[in-house]
Amino acid sequence: MPIIEQVGAREILDSRGNPTVEVELALTDGTFARAAVPSGASTGEHEAVELRDGGSRYGGKGVDKAVQAVLDDIAPAVIGMSADDQRLIDQALLDLDGTPDKSRLGANAILGVSLAVSKAAAESAGLPLFRYLGGPNAHILPVPMMNILNGGAHADTGVDVQEFMVAPIGAPSFKEALRWGAEVYHSLKSVLKKQGLSTGLGDEGGFAPDVAGTKAALDLISSAIEAAGFKLGTDVTLALDVAATEFYTEGTGYSFEKETRTAEQMAEFYASLLDAYPLVSIEDPLSEDDWDGWVSLTTQIGDRVQLVGDDLFVTNPERLEEGIERGAANALLVKVNQIGTLTETLDAVALAHNSGYRTMMSHRSGETEDTTIADLAVAVGSGQIKTGAPARSERVAKYNQLLRIEETLGDAARYAGDLAFPRFALETK
């Protein structure tokens, strides 16, 4: 039985130069593990609370309070517990915090410990993390949803949609999918240069040109796909993260592309996109609390495209259950730091899958070199992962880990491909 012997924590920097929490954990059998916590730019109102220091240090974004919460509160509570009882440990963390949003200890402190425990337990058992968490049947490699053009809160441009993604659904393996995505990424750079547009990068490694709007961006990416030698819709298809909460004002509506629009008008816009482009997924097309709009949108186009709830669900089983009951969205975006423990994350994924919802594993805009989400995507069989462009080491680290997992699985590995979008990919062919 691997017993937790030591727990340490420190403040490190994420990919945006902001502080975040790193936790180290040692077991009595000599096993050591480390986990680092990501942070988002466009954060949902209902996410678990990150504990930040305030004051002048790091512009108020320091995490010394969260580090001390690990050292002073969490460590004494979990030392002596068995690392292979993840659910019991995570429940102890929740009980210790005692708040519904993890605001006392901080979700960043709690998650760091939760993830470090799972990694230590896997190492102690002599298993890769994906196998330890997913069991003997974990073998599906996810489609990389590569954010190659950044807008919204991830870029300083006039483009309202936050992420324009390519999905190499026609590739025969994850290794080839990664190559296809990288080739499209470089092709897009050439397309942008030829048109005199900026090739500067946004938070997640995608290009951040100041283009006219959504359709102009999709046209650029479509051209890049074809210029790279791939067939649009069959080999490589398109996806969006609109992050609509960022431009929604209660009582006013959606301030989108220089117009104020209702949820119904946004729905009409998305329907027009589906008529013109091979889109398989739209994330956060409406605001996080626009339940009626979400239900109506899902009724109208939910049979044509994957509608992913990010800010809507915040990886929270309770909000997801409400969405399922209402008929809002048909897929869940999975971000471990939105909910704050591994157990709650796994519960949300299980609820989604058992209810016929797809899942997409996701990074945050403020990332680290930690690769846990790559293993987690394979462990739960998400079939989709969103972890940025094939550029910047904090993004590529996850893709490279998936390459290693595919090699480890050998002949047992299966790339999700268009089966990740069983109802929608067929319409693109």
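Using the three backbone atoms N, Cα and C, a Cβ is placed for every residue, glycine included.
The (2R)-2-phosphoglycerate site in Swiss-Prot is built from Gln162, Arg364, Ser365, Lys386 plus one of Lys189, Lys193, Lys194, Lys335, namely Lys335.
When Asp210, Asp310, Asp311 are compared with the Mg(2+) site residues Asp241, Glu283 in Swiss-Prot, the one appearing in that site is Asp310. Cα proximity to Asp310 (Mg(2+) binding site) (within 10 Å) is found for the following recorded positions from Glu204, Lys335, Arg364, Ser365: Lys335. Candidate recorded positions: Glu204, Asp241, Glu283. Nearest to Arg364 ((2R)-2-phosphoglycerate binding site) by Cα distance: Glu204. The most crowded of the binding-site residues listed here (Lys335, Lys386) is Lys386, judged by how many other CB atoms sit within 10 Å of its own CB. Neighbours of the Mg(2+) site: apart from Asp241, Glu283, Asp310, residues of the same chain with C-beta atoms within 8 angstroms of the site's C-beta centroid are Gln162, Glu163, Leu240, Val242, Ala243, Ile282, Asp284, Val308, Asp311, Leu333, Ser362, Lys386.
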